[in-house]
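Chemist: What Swiss-Prot shows for this protein is this:
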BINDING   17-24, 88-92, 142-145  GTP binding site
DOMAIN    8-290  domain 'tr-type G'
């Protein structure tokens, strides 16, 4: 069966932004204008199509990325029909993981900013993630009808705070309640959308006289940006100072695809102005699956390889999200990078080493589904019937095995103990938590060995609230939740050499493992700029510790790292070098050397000046000027370090670094200080040493 839409007419895009920039409303309008939903769902009515979980509709925020397929032929029907697969991503910092997963499988993104608040903390996080995956993007400055909205100010903020080369392709006509429409800088015409039909039709009129000069200045900057795409365009521009509309599109597209520039559009999704122009921008400037570099992967032997985006290549797809559906059970969302998959086909999962059969394939529209017979390169769809797949697994052809890059997921920073309200629910709770953990890799579940309690960990208080809420609604398990606990870590501060000997020789075969290990602080970071946890170096010469036991020493040290040495918290930032030792021909074993390794760390870390680390959060508080002093005083009392201040239309913005341990219940507190007018957001920044008096308390409570 041939393809319905040619691959170059595909656009796999994400819509990402900070909470409240109007991202879900923008997506709703896209679905309305592309003809998918006949009635527009408003977020503040709790009726948005993409926000399909009950909690999302109650809280008015998007938690999980819903995926939707839609079609667009242009505002003036000027394009052939393009297929747009859209992923709507959450903007709350506790759900960064959902954004990370979506960006991993997208080819392009529309980043939405609020016209009055501009660049906010989550916008920076999203931008960093998009940079990490090299995702070309365009910007939509939304809410131009809001008080304090200023398109050019937001573009300037994107330049300075996100270090992005922003090129406006539009200019707003009026702002706040006078926002009327936009100037198209390529056609040099004003676009006025018709309010009677919710912006379905529009007229092109002359540019208002008072904006003519500014529009011409911005047009020149835009043409210069387009001309820099190639020598031919630059020559033509230098000779005549002008480029045709097609040449401008061609130049801008080439530079967006190379991640050299970011085009800026503006409008108000809520007022039905500007969204169709953004759709034209998606088709014109964002890449098709075969216009981005071939996906990198590895063969089974760990050799680097790549897969072109083509139906003729062997099948390869990435499972980027799991969801539990009340009617069909487990849904596995996949992005197909190459080849074709038909329902009923068997696929191989090289990460698990298992073969599975795909029962049915469905195309999702938020939480409604259409069954389809097959998916091809470039498609995003959900499979039903896969049992043993986790987020980040590769699915491929068993005859041609590849492993697509693994996704890196952040470590949780907050934990709470949960217990079912009735003993009868214990098993139900275990099943529910297991399913939720399979869906969300930034959520972890473990049993505390000492207390026997179930401990759940995640990215923030809201994240864990929603998990407990979903247990109640979807799995009918009522639970009691303990006070939040901080995910402390331990590390060492100095270099030490440690001998450890494990010897058991009392009749029969004994045990003998003897090692000398040098421990020192590890100051290395991984490719994401995060501190490395552990590095093991083998410097043994002359076979004093036989090759087959060296891995066991490393394993023993690594297992002991998980238990810590001061207060039972996992250790990070440790480099261990095995440089000497001895063995016994008969009594030595892998187990003996593993125990010797763990003994070496236990003894050595105490001498190496071990200390406790705590998560430090980057906190941004927006407060009216009147409450500035009180809010800053409160942050100082919480051991906060004020890093700087900015202004924005709603008041002052305080940037601070504050220990997570001091931030519990802050939301209620900051509301009462400011009579409900201040808001804040926070994300994990780094681990730092805990002050001695607090470290003593932590150790004391662990030992008691």
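Yeah, the Cβs are placed from backbone N, Cα and C, and that goes for glycine too.
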Chemist: If you run the three-state DSSP split on residue 20 (GTP binding site), which class comes out?
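Modeler: DSSP call for residue 20 (GTP binding site): coil, neither helix nor strand.
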Chemist: Measure from the Cβ of residue 20 (GTP binding site) and count the other Cβ atoms within 10 Å, all protein chains considered.
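Modeler: Result for residue 20 (GTP binding site): 18 other Cβ atoms within 10 Å.
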Chemist: To see if you understand the setup: which same-chain residues, six or more apart in sequence, place their Cβ under 8 Å from that of residue 144 (GTP binding site)?
Modeler: 115, 151, 172, 175, 179, 266, 267, 268, 273, 274
Chemist: Test of understanding: give the count of other CB atoms lying within 10 angstroms of the CB of residue 89 (GTP binding site).
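Modeler: Around residue 89 (GTP binding site), other Cβ atoms within 10 Å: 29.
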Chemist: So for residue 17 (GTP binding site), how many other CB atoms are inside 10 Å of its CB?
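Modeler: Result for residue 17 (GTP binding site): 29 neighbouring Cβ atoms inside 10 Å.
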